[in-house]
Amino acid sequence: MNLPIVKGEYRKDYNLKHLTWFKVGGNAEIFFKPVDSEDLASFLVQNKQKLPITTFGAGSNIIIRDGGIEGVTIKLGQNFSNIGFTDDGHLIVGSSCLNFSLAKFCQVNAISGFEFLVGIPGTIGGGVAMNAGAYGCEFKDILVRIEAIDFAGNFRTFTNEEIGFKYRGNNLPKDLIILKAVFKVNKGNSEDILARMNEINAARSSTQPIKERTGGSTFANPEGFKSWQLIDKAGLRGYRIGDASISELHCNFMINNGNATAKELEDLGNFVQQKVFEDSGIKLNWEIKRIGKVSSRAWLDHGIQRKIIK
């Protein structure tokens with residue numbers, strides 16, 4: 001495999017497990033951390049072989065399958081996490097900035113409207129991509145525009161309207177890497193903002209298994225329903241496949257109890273989908289992203305294939 005000449009770092013057969021919150025999954029065939037946007041653009045322009053590209057954020061809302069990821073997995077590092085202000089007074093934030101870090105920056109600088117980010121694991125880029133939300137707010141409510149690059153190496157800008165936000169998603173082209181996000185600035189009171197952040201943290205601590213190996217909410221809420229209630233009603237609280245289980249504390253969270261495989265987690269989610277559909281007639285849609293190849297070894301080890309709703 002002839003890789004493009006870059007300033008950043010390549011690693012072959014790179015273990016991604018330690019980068020994910022679930023602590024499961026296989027290796028990246030090629031792992032690439034660009035130095036800056038120009039380095040990333042150079043890689044994309046030179047990618048004449050059209051090597052498959054996968055982008056990787058904080059690893060919080062993702063299952064990497066046990067067979068790993070083919071092609072090049074791109075992770076934007078600290079050089080893509082800066083926070084600053086535009087000439088017209090908006091916030092401009094690198095896509096690899098953690099949601100919590102932006103929430104804290106806004107609290108210190110008395111900027112309101114970002115408190116909900118303290119309750120959402122992951123990065124700004126990932127949050128924009130899935131229109132993440134919690135406690136009555138979503139990214140679409142605060143975003144002005146994004147700066148991105150497509151897989152051909154072209155820099156592009158999309159306004160809030162052009163992004164086409166929807167519940168836990170958007171209508172952006174699939175061959176796009178978000179580089180920066182620009183947000184509205186509304187002044188507030190630092191003490192009031194901190195109080196609200198503390199409320200959110202307290203609520204999370206009491207209702208979510210935040211100290212476990214988990215990936216956040218497993219399923220998006222169907223319109224008019226709460227996923228956790230449907231899962232609980234189907235009798236699946238605490239249900240277990242191998243070392244993967246449904247949280248006793250919050251039924252819309254899966255947990256790796258120590259040695260779960262990615263297949264066990266994905267099988268558990270698919271089984272929950274099936275049982276909820278049988279119980280209520282409602283299909284739950286995955287909120288956790290599943291990427292990579294299924295390992296043939298995992299199929300042999302697990303032994304059972306479960307029916308998956310199409």
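Note that Cβ sites are derived from N, Cα and C of the backbone, with glycine treated the same way.
Look at Swiss-Prot and you will find ARG168 (among others) tagged as active site, backed by sequence analysis. With a cut-off of 8 Å between CB atoms and residues at least 6 apart in sequence, the same chain places MET130, ASN131, ALA132, GLY133, ALA220, GLU287 near ARG168 (active site), listed in sequence order.
According to DSSP, SER217 (active site, proton donor) is assigned to a strand segment. Annotation for SER217 (active site, proton donor): same-chain Cβ neighbours under 8 Å, separated by at least 6 residues, are ASN61, SER227, ASN252, PHE253, GLU287, ILE288. What Swiss-Prot records for SER217 is active site, proton donor.
In this view, GLU287 (active site) is surrounded by 20 other Cβ atoms within 10 Å of its Cβ, with every protein chain counted. Taken from Swiss-Prot, the feature active site covers GLU287 (among others).
According to Swiss-Prot, the domain 'FAD-binding PCMH-type' annotation covers 23-188.
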Original post:
Looking only at the domain 'FAD-binding PCMH-type' (23-188), what is the mean pLDDT?
Top reply: 97
